[in-house]
Amino acid sequence: MSDENDNGRPGSNPGGRAPITLKPRQGSVSAGVVKQSFSHGRTKTVVVETKRVRPHAPPAGNLAAPSSAERRQGDAPRQQSSSGGGGSSAGGLSQGEMLARQRAIEAAREHQERQAAERRAAEARAASEAAAARDAAAKSAAAAKAAAAPAPEAPAAPAPTPAPVAQAPAAPVVQAPVVAAPVQAPAAPVAAAPAAPRAEAPRPAPPPVRSDAPRPAPTAGQTRTYEPSRDRRDDRSSTTTYRPGPGAPPQGDRPQGDRPQGDRPFNQRAPRPDGPYNQRTPRPDAGGPPRGPRPEGAGGFRNDRPQGDRPQGDRPQGDRPQGDRPTQTVRYSALAPRPAPGARPGPGGPRGARPGVPASAPATPEIQRATRSAPRPGGDVGRKPEEDDDRRKAAAPGKAVSRAKGAPIRREGRLTIQTVAGDGDSADRMRSLASVRRAREREKEKRRGGPADVVKVAREVIIPDVITVQELSNRMAVRGVEIIKFLMRQGVMLKINDVIDNDTAELVATEFGHTVRRVSEADVEEGFIGAEDVDDHLEPRPPVVTVMGHVDHGKTSLLDALRKADVASGEHGGITQHIGAYQVRLESGQKVTFLDTPGHAAFSQMRARGANITDLVILVVAGDDGVMPQTVEAIKHARAAEVPIIVAVNKMDKPGADSTRVVNELLQHEIVVESLGGDTQIVEVSAKTGQGLDELIERILLLAEVMDLKANPDRTADGVVIEAKLDKGRGAVSTVLVKRGTLKRGDIVVAGSQFGRVRALLNERNEQLTEAGPATPVEILGLDGVPSPGDPFAVVENEARARELTEYRIRLKREKSMHPVGAGATSMADMMAKLQDKKYRELPLVIKADVQGSAEAIIGSLDAMSTDEVRARIILSGAGAISESDVMLAKGAGAPLIGFNVRASAQARALAEREGVEIRYYAIIYDLLDDIKGVLSGMLAPIQRETFLGNAEVLQAFDISKVGKVAGCRVTEGVVRKGAKVRIIRNDIVVLELGTLQTLKRFKDEVPEVPSGQECGMMFAGFQDIKVGDTIECFTVEEIKRQLD
């Protein structure tokens, strides 16, 4: 560092080198004066250099990299400059500084080469992508061939100067295009243009100008100049300010119309006309290697170039024209190439229209592209995003997608949800296509002079049992307010969500001109059982015979003799408690299906069920016993089912058997046999000896032939559930009788409120079957629950139909259980009155049976036992073993568990012992019903019976201290006894009812009783109101237990 007095003396340095000074070189950079203070108290004034850091990179799409030839031409002046001045004469730099500068220049050159390589790679990609645009550009290329002329290469820039300013790049080679596709060159890319003007002769670069000197306004010939933006040092390092010159188009936002679609090849812009703009090298990115200095004085000043700083005033503001641009394909990526534009006019000349853009742009459309007002992928040159947003929000009439200040712009130009729908206020301002369509329709209606008449369309409206006003309006395609107005005119005030019945809904629909089709929930049952078969498809089937009669008259033994089996010996108590179905193959090859019904009175429903599904009835009557009550009941069931009867007089092998007695007893019930001129056949049989069995079979086959029993086996199966049970290991097992069609394995069956797919078919001998034809009894496995005996079953087409049917039936069953009808029905008031009177008592029970039919028989018998005072309340009934859940349910209800032919599991037994729940097992229905009848009888209130003893009259009343009142009486009738019940009557009014004679004395001695005619003293428990003349009636009360009938 030198003193300021040594400045300007070149010879003072002994080495011949120029002194190192902080003074700025003339015309290079701006300088300033700074006073330094040292620790020893000395001060010194030094001159410092003011540098402006410009870490901006050139715009990638506007400036081309110099070719290799240009780099060689640019390197020569630098070498001459460095060698001519020696080691220190070139700008006053030392050898180390020069080496450092050379290294920086080489690094900059390598950086430019890398950029050129990247451009060439991008050009190669763009060439393949521009194939689609060649056809459109070929038409303009033909007109451009005649006017196209190649432009000469621009000279290289002179040697650099020490000033830290960026180099001026060599001018890119501009050639006339042959085709619209970009051509790859080793130096700079050649842009396609319809007519490129001839480039000017190269001019030497002007000397560097001080950056702080004022700059004149640009001339008319200098149209555009790219200069790094001073306002965006902190925003984007590669942003360049685009400043227009005089005669340039107006600044501000670009037109908001759609741009031409299609991708533009990377960096394939049209050749620039002659002029000084765009003649500078790209500036390095911030933090990159420093560029070499400009050469000083190479070629002298360019007089045509304005010097000095640019005007510091604001740029021209305002919006650009708002006309629409031709539609173009939306570029979703910021790196996607742009379509090749047309050639630009010369400086100061008039600008032609862009390719595809009309001369006069139309007005802005009603719906603008949501991405139109967003910045370009590369960003506007020299403009901050905040300024762009402010200007475009204030000036652009289109819908702009909002973006927070300082938000990243890397996704600009991409199609996103925010771009389409907007956010915040922009989403509220965005008009939908439907809104625009409605606006257009309103305009058309205004031009036509009013809205067009709406033609009402008559529809078929489906109306269920109940429907809301809203649903009715939807089905009629009418506004709900119109229906409400109509109902108001009819005097009905309803809201949109109110429910109306089907009659009102039909009236409304008819008033509006629609046709009505009424449906109901019960319509799901339609088609469950198929239609009747055509006679041409019918084939003979086996007869179904039901054996009925009184208990212990030999029905099962007779079937065993016919089947040559022994079923009766295995039954509990020797009686049948289940309905059985068997198919017997006769010696002739014919088949007969037999149904065995129980004879006990409890199984009345089973007998009725068997009579309804049979073709004929065999009425078994014991020859030694005659007609019994269940025999009469069987006759009634057969008549109700309108089926013929064959009377079989059994046990004819016994000595006391008399068939004539049986015939006479049947006459009392209007059963006339053939021997007496009737139509009922009678056969004398013996199941033990086999007497008359063949004749019985002949009568059955003859009657079946007369009845001409036929069915169609080639249709879907349907029939009746005979019995059902829950078997451990097999699940729900149902015994069904197929009436029509053929039941196959895999069919979907609906039985009552249960459905499932048939997994197995078993006959009475437990043999697997693949199918079961008409009049065949089988056991089916696969249902999801145990159906009720007597329920019809049918095969449906799919599970959806089966589920629809079962859900409807379950809903009906639940509604019936919630609202019972008949004898068991009672209102809440009646039940509360009975509970308050303590006269209504219930016995809760949980019943589990082996089959569903037995459970129904038990429940029916218990219902018959009920009276107005006591009744059995069934908490749960079902088929299957007793489980732990049954035990817990019985504990909660305080009910005993009844098991009929079933047992409890080990876990259920242990749980019942811990919880104190009683489990009772029964195998015969007699025992079960007798025990339950005894329990219900014990719950009945006993009958109180009075026994008269005697009367006494009160002669005098004594009031004794510490004792109370004592009545002095005389026994007038009978005898009075100590401890007996008394009734005190005064003036024919009972004063005390059911009092107790506590003390009885004769004179001073207590006596047990006093006979008639004697006097005594009496004192009553809890009663002191004794007066002379009262009559005392003495009696005893006896309680007698009641029994159910």
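Here, residue 1 is simply the first one shown, and the rest follow in order.
Cβ coordinates are placed from backbone N, Cα and C, and glycine is handled just like the others.
What Swiss-Prot lists as GTP binding site is 549-556, 596-600, 650-653. Under the DSSP three-state reduction, Asp552 (GTP binding site) is assigned to coil, being neither helix nor strand. Of all the Cβ atoms in the protein chains shown, 18 others lie within 10 Å of the Cβ of Asp552 (GTP binding site).
Taken from Swiss-Prot, the feature compositional bias 'Gly residues' covers 83-94.
Positions annotated as compositional bias 'Basic and acidic residues' by Swiss-Prot: 103-123 (among others).
The compositional bias 'Low complexity' annotation in Swiss-Prot covers 124-151 (among others).
Taken from Swiss-Prot, the feature compositional bias 'Pro residues' covers 152-163 (among others).
Per Swiss-Prot, the feature compositional bias 'Low complexity' maps to 184-199 (among others).
Annotation source Swiss-Prot lists compositional bias 'Basic and acidic residues' at 227-237 (among others).
Feature annotation from Swiss-Prot assigns compositional bias 'Basic and acidic residues' to 302-323 (among others).
As annotated by Swiss-Prot, compositional bias 'Pro residues' applies to 338-348 (among others).
Under the heading compositional bias 'Low complexity', Swiss-Prot lists 352-363 (among others).
The annotation compositional bias 'Basic and acidic residues' is assigned in Swiss-Prot to 381-393 (among others).
Under the heading compositional bias 'Basic and acidic residues', Swiss-Prot lists 438-450 (among others).
The feature domain 'tr-type G' is assigned by Swiss-Prot to 540-710.
Here Swiss-Prot flags 1-169 (among others) as region 'Disordered'.
What Swiss-Prot lists as region 'Disordered' is 184-451 (among others).
Sequence annotations record features per position, and here Swiss-Prot assigns region 'G1' to 549-556.
Counting residues 6+ beyond its ends, the region 'G4' (650-653) has Cβ neighbours under 8 Å at 553-554, 557-558, 620-625, 659, 684-689, 691-692 in the same chain.
Its Cβ taken as reference, Gly549 (GTP binding site) is surrounded by 27 other Cβ atoms within 10 Å in the chains shown. Following the DSSP three-state reduction, the secondary structure of Thr597 (GTP binding site) is coil.
Looking just at the region 'G1' (549-556), the mean pLDDT is 81. In the structure as shown, the Cβ atom of Met652 (GTP binding site) sits within 10 Å of 21 other Cβ atoms.
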